[in-house]
Each structure stands twice: as structure tokens, then as C-alpha cells.
Amino acid sequence: MSETRFVLSPGGALTGRIRVPGDKSISHRSIMFGSLASGVTEVTGFLEGEDCLATLNAFRAMGVRIEGPDDGRVTIHGVGLHGLAAPVGPLDMGNSGTSMRLMSGILAGQAFDSVLVGDASLSKRPMKRVTAPLALMGAEIVATPAGTAPLHIRGGRRLHGIDYALPMASAQVKSCLLLAGLYAEGTTRVTEPAPTRDHTERMLEGFGYPLRREGARTFAVEGGHALTATRIDVPADISSSAFFMVGASIAPGSDLIIEHVGINPTRTGVIDILRLMGADITLLDERVVGGEPVADLRVRAAPLQGIRIPEELVPLAIDEFPVLFVAAACAEGETVLTGAEELRAKESDRIQVMADGLVPLGIDARPTADGIVIRGGRLGGDVDIATHHDHRIAMSFAMAALRAGGEIRIHDAGFVATSFPGFVELARGAGLAIRAESA
Ligand code: S3P
């Protein structure tokens, strides 16, 4: 396979109106819930990225008839909670942690055996966080001795509910257990240490499945109910928008509108953090679309200051730190992040990989065990960036070029297609001097 490299010339500003692709978390869940519902679910705004296509293909491999995606439209002919068929061969989750962790909850409750595999990056990521609590529910899952994929999931197990306090703030683990809970006898109750994205809870309710909220951080489901098909309009992904929010903030002369962005309060940490740094972000035309809040965002360039990032915002901005580190590199003074060790378990070790790219750009970036300290400064150029198969690393350094002193070359950048197909064209249209080469 040829490698895709991004080459960025320095400078530029971001202007005009853009719409980034659909939300990745909601797109995954639309396929999962639509497949397990009875009736036909119509999805619009679906993210046609490789991660969500891995989820879609897995359900097709288990006998679900799915039409599309066609310009973001997907029609799912749900088979009901007990209608999946045994797949022939392993299910390939590609680069997608969300697919693997949520699917393991669903598959633990099936009558048939299954195997989940992933690419080199996904095969290194921790899966014990889901296999251990699933085992407490009665599931039988064999991982590697390191607790990683492939996951061999035994079917025909009787699951029972558990009360589980999540050891880390993870929407993937919470969602995995709630999905397994649909197949369990009795009540599955999950308590999170801090609020994380709540798309699973919202979608359970949207598909008519009873979910009990016990206080702000505990969610409970009982097995034995049904999901009923519905319509889902997927908003644009705030995580994909974040690259442009930072780009427009740091590039003098920028004035950009990002349309129809999902602003679910469990996802808006990036807006809060950027505003604390002095960013000029306005929410326009706030509305609710299909159970999720949405707005157009107007972002104008503004001088940023370094801050100490409040720890309670970390889970609410968990995917946006790579690009927030670029904002910190362009800010006046020091930015300090703590309480973010989860960043080391993403598609790459995002603390180390970002520091490894910022330092050659001339920025003082010092990783710590659970975060990083970045002193803003003048960005250099003529550097080569290694993405470590991580889409968000590639897109973050692309935005850094807006303030760089020379060319930035980003290697292995093809992984942006996992979450953001069309990134290069959209970014170029908005004013980024980017071109993709195959090397
Ligand atoms: C996601 C949850 C987050 C996030 C990931 C998507 C989800 O992971 O990083 O991109 O859709 O539930 P964790 O739950 O592991 O923090």
C-alpha cells in the first residue's frame, strides 16, 4: 500500500463556511442500534469514514441488510436483539476502538461464537477494561496475554446484570456494558467517575428502550426489552470541527463558520477550553436535531493565552487534545494539562507523539505521566511528522502549518480517512495550503 503524505506550506487563514462530516460516535451507534432494533431505521448525515464502515460491515457480515451509505444516507433493516446470524470468519474492526469495545458487549450476548480483530494500532490498545467487567457478567472472552485483540468471544453464555463502577472515565466501556446489559438477566448498573459522552444513553431512549438514570453518573438497564426503529439525523462531528476551531483561532485574519455542529454538553470541552484561552467562538442558531443539540460555530482569530486546563473538562474534550496542544503551542505562556493519562491509550500515545512533533517545530513541550506542559512560542518549519497511524495527529499538525515558519510534511496521513474523509479538499477550500502526495 502506498503511503499518503500531507505537505503543508506555511501561513494562510481560514475563512468562509464549511460543514465537516458526521459525528463518529453517533454514526457507530446508529448502525448498532438500527441493526438490533425491530423495523427500518433511516440515518442521514452518517460518517462514511473507515471506522464507521467497519461497524457497518460487521453487521452486514451478521446478516443485517443495510442500504448505503449514499451521501450520508443509510437504511438499516433491523433484525431485533436476537436476530443476528453467526458471521463467517473474524470481524475486522480496523483502526476503531469504538467498534471493538462496543461490539464486544453486543457479541458477548449472542448465541454464536465470534472473533474481533483490528489493525496494528488497535491490536495494541487495552481491551481488559471491557473484557474484565464482561466476564463479571458471565461472558467468556479470550484476549492475548497482554489483554489485547484478537478477542475470541464465546456465544451461548447466560449474562447477568452487575453493578459496576468504571475505573476510568470511558464512554466506550460504559456503552459496552449497557449494550451487554440488553442481553443480561436482571439489572446492569454502570457508574462513571466523571461525565462522559452520553450518545448511548440518548440513543437507547430514542429507540424506546427503558434506561434508568440514577443521579448524574449512574445508568441502569434491564434485559428483556426491545429496541424500536427510528430516524437519526447525525450532526457534524465536533471532534472534526475542533481542527478548524483551532486553525481559525491561531491564524490571523481567520473568520470561519462551521455548520450544523453537534454541541452535546458531554462533548463541548474543546469550546470551553479554547474560550478559557481567549478564543473567539460564537454559537449561532442553537437548535435540537433528533435528540442532539446542534449549532453553527463562528470562529475568529484571537490571541490565545496559556492556561491550566481544568481536569473536569478532560473527558469532555478527550479527542481534541492533539489539536489543543497546537493551540497551546501558539499561545502566550504556559499551558498545563493533568489528569489525562487516557490520552496515552488512544490510536497512539497522544501525549508522546504530539511532543515528538512539537519539539522539532521549536516548541518547549514536556510530557508528564498524566499530561503535558507546553510553552507557547514561534513555530519553525521544515519538519517531518510521524503520525503513528493516528488520524488526529495528522490533522493537528496540518493546522500547525498556519503558524509555522516553513514546510511541514506529515507521514502516514492516510489514516485521516478513518474519521474525516475529504479533509484535504475541505481544508484547502477553507484556506489551508495543503496537498496530499502518495509516496
Ligand atoms: C468514544 C469514546 C472515547 C473517544 C472515542 C469515541 C465513543 O473513548 O476517545 O473517540 O464513541 O464512545 P473512551 O471512552 O475510551 O474515552
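If you go along the chain as it appears here, the first residue is 1 and each next one adds 1.
Positions of Cβ are set from backbone N, Cα and C atoms, glycine also.
Caution: TrEMBL annotation is automatic and unverified by curators.
Listed in TrEMBL for this protein:
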type	residues	note
DOMAIN	10-425	domain 'Enolpyruvate transferase'
BINDING	LYS24, SER25, ARG29, SER170, GLN172, ASP319, LYS346	3-phosphoshikimate binding site
BINDING	LYS24, GLY97, ARG125, GLN172, ARG350, ARG392	phosphoenolpyruvate binding site
ACT_SITE	ASP319	active site, proton acceptor
Residue pair SER170 (3-phosphoshikimate binding site), ARG350 (phosphoenolpyruvate binding site) - Cα distance, angstrom, rounded: 16
Coarse DSSP state, helix versus strand versus coil, of ARG350 (phosphoenolpyruvate binding site): helix
Among ARG29, ARG125, SER170, ASP319, ARG350, the binding-site residues whose C-beta sits under 6 Å from ligand 1: SER170, ASP319
Conformational class of SER170 (3-phosphoshikimate binding site) under the three-state DSSP mapping: coil
Under 8 Å by Cβ from SER25 (3-phosphoshikimate binding site), counting only residues of that chain that are 6 or more apart: THR98, ALA171, ARG197, HIS199
Those residues of the chain, 6+ apart, with a Cβ under 8 Å from that of ASP319 (3-phosphoshikimate binding site): SER239, ALA242, LYS346, ARG392
Site diameter for 3-phosphoshikimate, Å, by largest Cα distance between LYS24, SER25, ARG29, SER170, GLN172, ASP319, LYS346: 19
LYS24 (3-phosphoshikimate binding site) versus binding-site residues GLY97, ARG125, ARG350 - nearest by Cα: GLY97
Spatial neighbours, same chain, of ARG350 (phosphoenolpyruvate binding site) - Cβ under 8 Å, 6+ residues apart: PHE321, PRO322, LEU343, ARG344, ASP390, ARG392, ILE393
Sparsest-packed among the binding-site residues, when each Cβ's other Cβ atoms within 10 Å are tallied, from LYS24, ARG392: LYS24
Those residues of the chain, 6+ apart, with a Cβ under 8 Å from that of ARG125 (phosphoenolpyruvate binding site): GLY97, MET100, GLY118, THR148, ALA149, ALA345, LYS346, GLU347
Those binding-site residues listed as ARG29, LYS346, and which of them has the most Cβ atoms within 10 Å of its own Cβ: ARG29
Proximal but sequence-remote residues of the same chain as GLN172 (3-phosphoshikimate binding site) (Cβ under 8 Å, at least 6 apart): GLY97, THR98, ARG101, LEU102, VAL130
